[in-house]
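Reading through the structure tokens given below for one structure.
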Amino acid sequence: MLLNWTVMILYNYFNAMFVGPGYVPLGWTPEKSQDCTYLQYCKVCQSYKAPRSHHCRKCNRCVMKMDHHCPWINNCCGYQNHASFTLFLLLAPLGCIHASFIFIMTMYTQLYNRISFGWSSVKIDMSAAKRDPRPIIPFGLSAFAASLFALGLALGTTIAVGMLFIIQMKVILTNKTSIESWIEEKAKDRIQYYQTGETFIFPYDMGSKWKNFKQVFTWSGVPEGNGLDWPVRDGCHQYSLTIEQLKQKADKRVRSVRYRAVEDYSGVCCPVTKGVKTFFTTPCTEEPRIALSKGDLILATRGLKHWMYGEKILDSAAGGGIRERGWFPRKCVEKCPYDSETDQPVDGEKKNR
């Protein structure tokens with residue numbers, strides 16, 4: 001049984017790793033040229049981003065139905081390997097539960113056979129069993145310690161990976177990826193902030209958990225569709241989500257604030273020279289840090305108390321279309337004074353968007 005668990009776990013693990021999520025073809029454009037106005041353009045891949053696809057910095061490609069980049073499989077979780085990745089998250093805790101049961105029963109049996117009850121004390125002799133004949137497999141103090149350590153690993157894996165499985169099943173049953181759940185939350189915030197009165201409906205939820213489940217898990221093992229075109233629920237547009245992404249991108253440009261670097265920053269994760277608070281409050285995220293030189297201009301879009309996230313303003317000739325985005329210490333920059341009224345949108349303009 002343990003061998004069966006191991007084979008199934010490793011099969012789905014390597015399947016998720018080597019099959020990959022599926023990438024948008026380089027230079028891809030929609031069949032209808034007018035649909036390009038609803039899509040974002042990726043300068044790295046030199047193609048439009050298909051619906052539900054996102055560019056991964058680690059893979060350096062646009063990933064179809066990207067959920068997240070998983071460091072444990074060294075690949076993205078997306079359209080083609082979502083089922084294998086989720087099965088791995090299910091089978092690993094089940095195998096660990098089985099192993100935990102074996103470890104617990106083994107230690108219980110071995111300890112029970114080595115306990116001596118006295119009038120005033122209980123003694124455990126790990127050298128040999130008191131009741132049973134000589135065991136086929138010796139079980140001494142080192143074996144007990146190894147079994148206890150393995151039990152801790154099995155229980156830890158069961159809890160940690162089991163929680164990831166629950167999270168993945170939630171997004172599968174609603175037919176949303178982790179990124180799309182975040183986009184939906186930002187859509188609600190945008191509508192509430194500008195008070196536009198519109199209602200955002202997630203277009204890919206089929207309205208039935210079973211139908212959403214079948215979008216990922218099939219008997220053939222191949223997910224439905226081609227990863228570029230997706231069925232949508234009644235009343236929704238094929239590009240409803242991408243249109244919302246363009247609105248959020250425009251809104252982010254409106255809300256961004258220009259800063260100028262007043263100190264050099266090397267781009268290290270935990271800078272020692274920028275203060276103790278900056279060192280210990282570094283953002284716990286895989287997002288990159290950007291190096292700054294004194295005088296650099298940055299458009300900041302969000303921030304924490306001691307850190308900010310933004311994009312460095314580069315010359316079109318020098319940048320070559322490459323965008324430098326990431327975190328940097330708030331201590332290294334100062335807010336630029338606005339040169340004209342057009343640089344800063346007024347409150348009335350924001351509310352009327």
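Quick reminder: no glycine exception, Cβ is built from N, Cα and C everywhere.
Taken from TrEMBL as is:
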DOMAIN    254-338  domain 'SH3'
TRANSMEM  87-108  transmembrane segment
TRANSMEM  136-167  transmembrane segment
Six or more residues out from either end of the transmembrane segment (136-167), which same-chain residues have a Cβ under 8 Å from its Cβ atoms?
86, 89-90, 92-93, 96-97, 99-100, 103-104, 106-107, 110-111, 126-127, 178
Restricting to the domain 'SH3' (254-338), what is the model's mean pLDDT?
85
Take the domain 'SH3' (254-338) and count its residues per DSSP category (helix H/G/I, strand E/B, coil), listing them in that order.
14 helix, 29 strand, 42 coil
